[in-house]
Amino acid sequence: MGDPSKQDILTIFKRLRSVPTNKVCFDCGAKNPSWASITYGVFLCIDCSGSHRSLGVHLSFIRSTELDSNWSWFQLRCMQVGGNASASSFFHQHGCSTNDTNAKYNSRAAQLYREKIKSLASQATRKHGTDLWLDSCVVPPLSPPPKEEDFFASHVSPEVSDTAWASAIAEPSSLTSRPVETTLENNEGGQEQGPSVEGLNVPTKATLEVSSIIKKKPNQAKKGLGAKKGSLGAQKLANTCFNEIEKQAQAADKMKEQEDLAKVVSKEESIVSSLRLAYKDLEIQMKKDEKMNISGKKNVDSDRLGMGFGNCRSVISHSVTSDMQTIEQESPIMAKPRKKYNDDSDDSYFTSSSSYFDEPVELRSSSFSSWDDSSDSYWKKETSKDTETVLKTTGYSDRPTARRKPDYEPVENTDEAQKKFGNVKAISSDMYFGRQSQADYETRARLERLSASSSISSADLFEEPRKQPAGNYSLSSVLPNAPDMAQFKQGVRSVAGKLSVFANGVVTSIQDRYGS
């Protein structure tokens with residue numbers, strides 16, 4: 001058995017999708033489903049087909065009814081024996097009414113329906129083979145071709161259409177009645193003739209209405225479709241006075257103008273009243289300012305400082321406004337720039353730290369005797385002394401002579417340099433400022449002094465003091481002398497005693513004042 005052709009597939013699905021229940025998705029009800037579940041023989045939309053794919057092919061096998069062309073006859077039979085209607089009725093019969101996809105297709109009803117579709121499709125495949133249609137397949141009746149609707153006929157009432165049809169039938173009788181009427185008019189000599197009563201012999205009511213209509217409008221049946229124009233609902237105006245209508249319209253316009261004018265007047269009155277209230281508030285505020293003697297710049301300053309009286313709720317006034325003065329900020333005095341040193345940080349640090357021990361004993365002992373003064377003055381003096389001690393560093397003059405650059409007086413700008421170096425191609429700063437001769441003299445003096453030595457060092461060349469080895473430091477060179485340490489300890493003891501006395505006095509005064 002070969003596979004069905006693409007044309008066979010399209011033909012089968014065209015007829016299956018013509019069934020009304022197959023025009024919507026089986027799960028969500030979306031229109032025009034283009035996917036199908038072969039396992040259940042139902043039509044699905046693209047969103048629900050994705051949910052079925054996540055279930056797995058053992059529960060639902062999905063294919064497209066438009067894109068896939070490799071359908072087998074067994075799969076087509078599954079779709080023919082199934083359908084949305086049969087699947088929905090089967091699920092309802094077995095009590096499965098949930099909308100959850102996992103719960104629905106993992107239920108007992110879904111398992112039974114899968115087995116049923118599989119058995120029916122197998123039987124249909126064996127019985128019909130490659131036939132397109134099955135005996136049990138429901139074929140929808142072919143709908144008649146749509147007729148072209150007449151615009152006028154759709155807007156005409158059924159009664160009028162029936163009368164028009166009856167008028168076309170009764171036209172010969174009306175034509176035969178006309179010669180009788182003309183002969184009667186000739187015989188009676190111009191007397192008025194009433195309507196014809198020959199139509200009363202007709203037993204039906206419709207023909208009576210037709211005869212009356214024909215008398216009023218004898219040309220209606222001849223005009224065909226044009227005769228129906230009078231039945232669109234238009235009515236002829238009778239006994240209408242246009243002057244009265246015009247007067248009513250003018251009266252309505254006048255009423256509208258009066259209402260608009262009243263609205264404008266009321267709006268202007270509200271604006272005027274609000275302005276009056278604003279002026280009253282302003283006058284009250286000005287009177288308050290006059291009472292408080294605030295005017296000009298003081299008023300602005302008081303508002304800026306948060307002492308304005310316009311936003312205050314209380315009537316209490318501040319006395320600060322009477323003595324308010326404007327303080328103008330003077331230009332700040334620039335602080336003197338600190339000295340910048342390019343010295344060695346290590347040398348300056350150790351020199352400044354050791355300056356305390358280099359001071360005489362009298363100066364150090366005098367610091368401890370200052371406890372007899374008042375506490376405030378003592379702390380100020382001690383703070384200033386400590387600051388001076390810490391900030392005291394070696395200046396430019398404390399550097400050794402060998403490492404210090406010599407100070408030279410600037411050479412006056414004269415013509416001597418031009419005369420001296422006029423023909424020289426290149427000169428140095430030492431040659432220009434006259435430092436070359438002095439440097440040469442110092443170098444020659446050092447070399448003559450060290451000429452007898454077998455080896456020299458940089459310290460010998462630049463006449464720097466030699467550094468002691470790390471192992472040659474003694475305790476006496478590091479620590480101060482013994483008398484100094486004794487005096488230092490004695491000063492510390494005296495300071496500690498005075499501190500304890502001072503602390504006891506403070507605690508006693510606090511207890512006396514606030515209570516223990």
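Placement of Cβ uses the backbone N, Cα and C atoms for every residue, glycine included.
Source: prediction; values computed, not measured.
What Swiss-Prot records as phosphoserine, among Ser60, Ser458, Ser477, is residue Ser458.
For the residues Ser270, Ser314, Ser354, Swiss-Prot attaches the annotation phosphoserine to Ser270, which does not rule out the feature elsewhere. Cα of Ser270 (phosphoserine) to Cα of Ser428 (phosphoserine): a span of 94 Å. Here the C-alpha separation of Ser458 (phosphoserine) and Ser451 (phosphoserine) works out to 14 Å.
Remark: Ser453 (phosphoserine) has Asp460 as non-local neighbours, by Cβ distance under 8 Å and separation of at least 6 in sequence. DSSP places the residues of the zinc finger (25-48) in helix, strand and coil in these numbers: 3 helix, 7 strand, 14 coil.
According to DSSP, Ser428 (phosphoserine) sits in a coil region rather than a helix or strand. Per-residue confidence over the coiled coil (243-263) averages 89 (mean pLDDT, predicted model).
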